[in-house]
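A.B. asks: Copying in the features that TrEMBL gives for the protein in this structure:
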- 20-114: repeat 'Solcar' (REPEAT)
- 124-216: repeat 'Solcar' (REPEAT)
- 225-316: repeat 'Solcar' (REPEAT)
Amino acid sequence: MSPAEEEKCLPLPERWPRASKFALSACAAAVAELVTFPLDLTKTRLQIQGEAAVHRHGAAAGQAAPYRGMLRTAAGIVQEEGFRKLWQGATPAVYRHIVYSGVRMVAYEHLRDSVLGRSEDGSFPFWKAVVGGMSAGAIGQFFASPTDLVKVQMQMEGKRKLEGKPLRFRGVHHAFMKILSEGGIRGLWAGWVPNVQRAALVNMGDLTTYDSVKHFLLLNTPLMDNSVTHSVASGCSGLVAAVLGTPADVVKTRIMNQPRDEQGRGLLYKSSTDCLIQTVQGEGFMSLYKGFVPTWMRMAPWSLVFWLTYEQIRRICGVSSF
C-alpha cells in the first residue's frame, strides 16, 4: 500500500489534526455559548448603564437605567422585553465563538507543542503557558472581532426600543452590512484593540489556568484525566479569567456600543485608553468591574460546559486529551 493510500485510511483527526481540533472546539463553544448567553446579555446591559461620557455629551439625558444588579436586570429584561430577548444577539455570539474558540484552541496547542515546547518530563512551564494563552487569545479575538461587534450592538436593540429609539438592525446579516456600509472594513474592527487586550487577559486566565491546573493535578495528586479533574481546572480558570478580563471587557463594550460619525469615528471615546480614563474619572475605579458577578457567573459555567464538552468530544473522536 502506497503512502497516499495509507493516509486515506487514517481517521480524519489524524489526517487533518488542526482542522479537526478547530471543528471540535467550535462545537463545544457553541454549546457553552447558548447555555450561558443570558448572563452575557445581562453583563452587557450592566456595563452600559450610567456611562459618564454619555451624560457629558447629552446623548441620553434622563434616560439612564437605574443600577438594578444582575438578577433585577435579568428580570427587567424578561418583564419589559420578553423571555426570548435574553437570547438577543445569540446568533452572532455563536458565530463569534466558532471563529474565536476554534482559532485560539488550535493556536494554543500549536504554540505549546511546536513553538514554545514542553519540558523533557512533559510539563509546560507556567511562563510559557502565560505567553501561549495570551498569544492564542489575541489571535483568535482579532479574527472574531467583527462578530463580537455585531453581538454587542444587537444586545442593546431591546433597550433602544424601550427608549423609543428606532431599531438599527433587522438581523445579523443586516447588521454586518450596515456597519460595513457606514464604516467600511475598518468599521467591522471598531474596538478591536480593547477586544484583543481583553481576550489576551481572559485567555491568560482561561487557557493558562486550565492547562496549568489540570496538569498540576495529574502530576501531583491521585486524580486521573477525567471529568473531576476537568471540572476543578475549569472552575479555577473561570474565576481567574473573570478577574483579569472584566475591566477590559467594560472598556470594549462601551467603545463598541458608542455612536459614531460618518467616518466611523467614535463620538464619546477617542481610544481604549481614553475610555478607561473617562470611566475611572467619571464613575470611579470599581466601575471597571461593572457586570463582574454575571461575568464570573457566566465564565464559570461557560468554562465548565466548554471544557467538559471539549474533552469528551476529543475522547469520542479519538483525539488525545487537551
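Placement of Cβ uses the backbone N, Cα and C atoms for every residue, glycine included.
Bear in mind that the values here come from a model prediction, so they are computed numbers and not experimental data.
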A.B. asks: Take the repeat 'Solcar' (225-316) and count its residues per DSSP category (helix H/G/I, strand E/B, coil), listing them in that order.
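C.D. replies: Within the repeat 'Solcar' (225-316) the tally stands at 73 helix, 2 strand, 17 coil.
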A.B. asks: For the repeat 'Solcar' (20-114), DSSP counts of helix, strand and coil?
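C.D. replies: Tallying H, G and I as helix, E and B as strand, the rest coil: 77 helix, 0 strand, 18 coil.
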